[in-house]
Structures are given as C-alpha cells and as structure tokens.
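Copied over from Swiss-Prot:
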type	residues	note
COMPBIAS	156-167	compositional bias 'Low complexity'
COMPBIAS	220-235	compositional bias 'Polar residues'
COMPBIAS	242-265	compositional bias 'Low complexity'
COMPBIAS	266-286	compositional bias 'Polar residues'
COMPBIAS	297-326	compositional bias 'Low complexity'
DOMAIN	337-398	domain 'SH3'
REGION	145-167	region 'Disordered'
REGION	213-327	region 'Disordered'
TOPO_DOM	1-12	topological domain 'Cytoplasmic'
TOPO_DOM	34-42	topological domain 'Extracellular'
TOPO_DOM	87-101	topological domain 'Extracellular'
TOPO_DOM	123-398	topological domain 'Cytoplasmic'
TRANSMEM	13-33	transmembrane segment
TRANSMEM	43-63	transmembrane segment
TRANSMEM	66-86	transmembrane segment
TRANSMEM	102-122	transmembrane segment
Amino acid sequence: MGFSLLNFTGDPFAISTVSFGIMSWVVAIAGAASSKQQTFPHFSWWGISYQIVIILIIFVLYANNNIELYKFTLVGLVSIAFIYTTNSTNNLIYNSNSPGNLCCAAGCILLSILNLIWILYFGGHPESPTNQFIDSFSIRGQGHEQLGSGSHNHNHNLNNANTNTNTNMPLGGGNGIIGKSELSPYDDRFASPINISGGTNQPTSESLRLASVGQMGNGPFSNTTGNPNLQQPLTGSFGGSTNHTPTNANTNTNTTTTNNNNNNTGYMTSSHLTGLENFSSPNVPNNGIGLTRDLTHNSNSLNNNSHNGATGSINNSNNTNKRNTIYTDSETGTGITFRYKAKALYSYDANPDDINEISFVKDEILEVDDIDGKWWQARRANGQVGICPSNYVKLLDT
C-alpha cells in the first residue's frame, strides 16, 4: 500500500477534482498577489494557504490508496475550507473594486464549488445516489481496467496452466471432457465444455461402460493381457505430455489386484497424476489449477460405477474419508498468496454481469491481495475467490 502515482491516475474522480482544485487555487493566489494589500482581507491569506494543504492531503491519500480510511476526517477538514472560501468571496466582492480582489474572488468561488463536491462525496454513503453516480465513472469504468494487472492476469495465468498441462483427465476410452461445473468459482469464464484429451468426440455410453470394466484397448483402464482379474494401470499421463512408468503395477498375469475387493476395478498410482486431481495424499504433486475433486486418501482403486464422462468426476465408494473442499492457493500451486486481511465495512452484492466479483456481508473477514487499485483480489472464508471494491472493506493490522 505504498505511494504510487498509478493509484492517483487510475481514478478519474481524483484526477478531475484535484486538477480543478489546483487551477482554482492558482487563480485565487494570483489575484491575491496582484491586489493592494491595504484593501485585501488579510484573513483570506490563511484561507488560501489552508486550501492548498487540503488539496495536497487529498492527493497523497489517493496516491497511497487509503483515501477510504480518512473520509470522515476529510469531511471536517474540507468543511472548514468551505467556510474560508465562501467568507473570502463575500469580502472580496463587496468590499473592494480592485481587479486583483475580483480575480481572487473568482478563484475562491471555484474552490467553494470544489469543496462542496468533496463534502458530498466523502460524507456520503457508498450506496447513496451521489456516490453511485460518481463511482460509475471511477470504480466501474476505471477500476475494472486494473484487473489487467491483477485478477485478469491471474485468469491469464490459469489459462496458460490449462494450455501447458492440457487439463486432461480421461475417464474412459481416451476422450474425456470437463464441464463448467468442475471448475472453481473463480473460473466461470469457461462457458462450454472443454475437450481434455485432445480428441474431437465425446465418450459414448458404451465406451464409458467398457472403460469402467477395463475392456477398451486404448482406454486408461484397458485390459491387454486377457486376464479379467488384472487391470493394467495407465501408461500415459493425465495432464502432461510425459508418460510415467507405473510403480505399483503387477505385471504377473497370474496374480490379481489386491487393492480393491472388486476384481473388475482398475487402479492407478500417484505417479500417473499431475496434480489436477487434488488428492489429499501428500505424495501427489499440487501443480494443477485447483479443480475440486471428490477423491479419497486411499485412491488406488476406483469403483466401476463411479465414472461420469460428462463432468469428469471420480467417486470412490470403498472409502468414506472424502475431501470435498475448495483448495487454498498454497495447495493448488497457482502462486497467489493473500498477504492481507480486510474487514467488510458494508454488505456488497456482486454484479451478476461480472463473473469476477464476489458478494460478502458486513463485518465479514476477507483475505485480500493486489491492493493497488480500486478493486482488490479477495478470498472469502468459504474459499470463493474474486474481486471486491476497495471502498467497501478496510485493511486489518496483522
């Protein structure tokens, strides 16, 4: 939350009001300097000096991106400046005919208008009509553009992860798909199913049935030995292009698989996985994109009735110790670390037209990061990740 001009230039309201204030102040100080000091109200010098201090304070607060923390203080300070400028205007107009005094009065009128705008904005509730109108230009218009350096970059990184790993986890005869329902809440941009294994055809019900009993020659659970009691493990990779050598495979065709009570059920080892499956086992690498899977600790065997080719979900009914949670970023390997905690000052309902926004309630504690703009990347306690408006939350000391 350090000083950065990007925080100031990224807010059109800040640029317009501070720039207008500086120009108005220059007009006022020029008129005061050119006036005859015998007829110029001496107290107006203090009002003009006080005004430039207020303008500089507001600029610094915007540049440090903590303007929301001092809004109530600014209302009091700007109200004092409003009294000074309006009083100076009255004295300069009616008590003197000096051109310099009239020029200073014009500058004070402009400063009075600016101070009134600041009082209405800083003193108004974020959901008030005036604030909503002003924020429609700054927060909605400019704030979402900052996602290019924050949340949208995160989406782009996830897209790259999808491309590099091919995001495939075939469940049947080599062609599997993963639908929108299998993605984390932050990845709703995928509106249509994605062909995972690179094929062009979706698996048929017959291929899924054959795959579940390991009778497809090119499927991941194919039985190439002719022994119905032995299911060959996968020889390809789920997410990458490198094949893995099975470590728990029994190549003796006279032996049977002992990892499952069902002899017709294939098995796979952790060496065949790339992290997209999010097993709870610590031996499985977590370099995927954080897909939520219904998997168990003891996942060496798969139930032959639990293959769902439409969604890519895997169930294991032999073990009830399941993990059905949205994984943290440290587990998914996305590289995102939420370094700060923030408390919601108000309740917020996400815009239904923006899939990146998240809703939250007043006093809710959020984990936030990328706090350099009007919109911060945030994660709720339930694991939902998205963006939230910075003026609705307050950073907490940790």
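Each residue's number is its place along the chain shown, starting with 1.
Yeah, the Cβs are placed from backbone N, Cα and C, and that goes for glycine too.
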Determine which residues of the chain contact the transmembrane segment (102-122) at the Cβ level, with the cut-off under 8 Å and only residues 6 or more beyond its ends counted.
13, 17, 20-21, 23-32, 34-35, 40, 44, 47-48, 51, 58, 71-72, 74-75, 78-79, 81-82, 85-86, 88-89, 92-93, 96, 130-131, 134
In the topological domain 'Cytoplasmic' (1-12), how many residues does DSSP call helix, how many strand, and how many coil?
6 helix, 0 strand, 6 coil
Average pLDDT across the topological domain 'Cytoplasmic' (123-398), rounded to a whole number:
56
DSSP residue counts for the domain 'SH3' (337-398), split into helix, strand and coil:
3 helix, 26 strand, 33 coil
Helix, strand and coil totals (DSSP H, G, I; E, B; other) for the topological domain 'Extracellular' (87-101):
11 helix, 0 strand, 4 coil
